[in-house]
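Undergrad: The following feature annotations were taken from TrEMBL:
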type: ACT_SITE; residues: ASP99; note: active site, proton acceptor
type: ACT_SITE; residues: ASP273; note: active site, nucleophile
type: BINDING; residues: ASP99, SER100, GLY101, GLY102, PHE103, ASP153, GLN196, GLY223; note: substrate binding site
type: BINDING; residues: CYS311, CYS313, CYS316, HIS342; note: Zn(2+) binding site
type: DOMAIN; residues: 20-369; note: domain 'tRNA-guanine(15) transglycosylase-like'
type: REGION; residues: 254-260; note: region 'RNA binding'
type: REGION; residues: 278-282; note: region 'RNA binding'
type: REGION; residues: 383-407; note: region 'Disordered'
Amino acid sequence: MTESSTTSTGLGFDLIKTDGMARRGRLSTAHGDVETPAFMPVGTVGTVKGMMPGSVRETGAQILLGNTYHLMLRPTAERVAQFGGLHKFMNWSGPILTDSGGFQVMSLSDLRTMNEDGVTFKSHLDGRRHHLTPERSMRIQHLLDSNVTMCLDECTPFPATHEVADKSMRMSMRWAQRSRDAFVERPGYGLFGIVQGGVYPDLRADSVKALTDIGFDGYAVGGLAVGEGQQMMFDVLDVTTPLLAADRPRYLMGVGRPGDIIGAVRRGVDMFDCVMPTRSGRTGQAFVRRGVLNIRNARHAHDPRPLDEDCRCPACREYSRGYLHHLFRAGEMLGPMLLTWHNLTYYQDLMADLRRAIEDGCFEQRAAELEAGLALGDHPALPDPLNLKAAPETDKSEEDSSVAIDL
């Protein structure tokens, strides 16, 4: 067990307790504190899809992630600044972290060119050309009023040879220095460096050293959850997180699944983000304590039980599986909204559970229980008392043609 604390010129971070490598901390920003380990819902274009800001807060979320690439294109960072920054624009009073835009730009393989200065790319919206540099990324995130700004980096593709990963990482480190130089220091605001290096331990170590020498308010581990698989991701974390400064927050970008999060907390990670709970909710996938279920499946049509009997969200407190199944089969927007609310609540309850376990000094025991639960799978299906054939699912053409009788 260890207790320590530190503050930097920008963000504050208190390391409250450790249990093995698992860490219980508190990140302090100009817009409030974040208890860690923490999961950040993704609000790509200034909204968590299907959720009001107050509803997001009710799930237990403390901090949101915004997407620099999408916001710089529409409505533009300058427009957001006109409204007083992203917090006021989207009516979210808590902390916000924004990515640098690098991941999305690098994904536009056929629409972008890259050199030492930065990345030139065509907008996926209208085809217009834009040039993103470390300095421009810092300026955009400043205009957005992001509490946690991310350096511009190149997300190394997977798979990549050692030579390719090395070259990519070295440029990202040069961009990290330029990002640091361009970042405007303010109390309660900070800049995170991003560790790269692919799956190669020596490159990850070199990246950590370069970033530590520059000096950041926190450190992210990037370039994972890109197809390498869970075990390889854990292997990279095993050699990376022990090298990171213990007195600064650690952020695993784009992860992920509940089992990934538990394993990463075990390895000393403090912060996570992923579109999975919201995207899955919109497609009928629900995360529960026994794994994942698809509410579209016919087995749920006659089921009076909640998604998860231990969940506090409105979908579980007020509605049956049968009703949620009906909403998705009928193409009603309430279905995706309720499952999104449920999934975000599940993720926030998972993080709270992990925080308590670290505080109580029983992290490994609780982690093992959670992992065992996820492996169980859903409860057996109930028999249908009416033995009815499943109702057909509404398709888009049917939905569009039924406007005249929409009551």
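Glycine is treated like the rest: Cβ placed from N, Cα and C.
Because TrEMBL annotations are produced automatically, they should be read as predictions rather than curated entries.
Give me the lay of the land around each of these features.
TA: Sequence-distant contacts of ASP99 (active site, proton acceptor), defined by Cβ-Cβ distance under 8 angstroms and a gap of at least six in the same chain, are LEU65, GLY66, ASN67, THR68, TYR69, MET150, MET253.
All protein chains shown were included, and the count of other CB atoms within 10 Å of the CB of ASP273 (active site, nucleophile) stands at 22.
Cβ neighbour count for GLY223 (substrate binding site) (all protein chains, 10 Å cutoff from its Cβ): 32.
The number of other CB atoms found within 10 A of the CB of HIS342 (Zn(2+) binding site), across every protein chain shown, is 28.
If one looks beyond the region 'RNA binding' (254-260) by at least 6 residues along the same chain, the residues whose Cβ comes under 8 Å of a Cβ in the stretch are 103, 224-226, 230, 233, 272-274, 276, 287, 346-347, 350, 370-371, 374.
Under DSSP, the residues of the region 'RNA binding' (278-282) split into helix, strand and coil as follows: 5 helix, 0 strand, 0 coil.
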Undergrad: Around GLN196 (substrate binding site), which of the listed recorded positions (ASP273, CYS311, CYS313) come within 10 Å, judging by Cα atoms?
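TA: Those close enough: none at all.
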Undergrad: What average pLDDT does the predicted model assign to the region 'RNA binding' (278-282)?
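TA: Its mean pLDDT is 98.
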Undergrad: To the nearest Å, how far is the Cα of GLY101 (substrate binding site) from the Cα of CYS316 (Zn(2+) binding site)?
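TA: Cα-Cα distance, GLY101 (substrate binding site) to CYS316 (Zn(2+) binding site): 36 Å.
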Undergrad: Going by DSSP, is CYS316 (Zn(2+) binding site) part of a helix, a strand, or coil?
TA: helix
Undergrad: Between C-alpha atoms, which of these recorded positions comes nearest to SER100 (substrate binding site): ASP273, CYS316, HIS342?
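TA: Nearest by Cα distance to SER100 (substrate binding site): ASP273.
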Undergrad: Give me the non-local Cβ neighbours of ASP153 (substrate binding site): same chain, 6+ apart in sequence, Cβ-Cβ under 8 Å, ordered along the sequence.
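TA: Long-range Cβ contacts: SER100, GLY102, SER172, TRP175, ALA176, ILE194, GLN196, GLY222.
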Undergrad: Same chain, not part of ASP99, SER100, GLY101, GLY102, PHE103, ASP153, GLN196, GLY223: whose C-beta falls within 8 angstroms of the C-beta centre of the substrate site? Give them in sequence order.
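TA: Not counting the recorded site residues, we get MET106, MET150, CYS151, LEU152, GLU154, CYS155, SER172, ILE194, GLY222, MET253.
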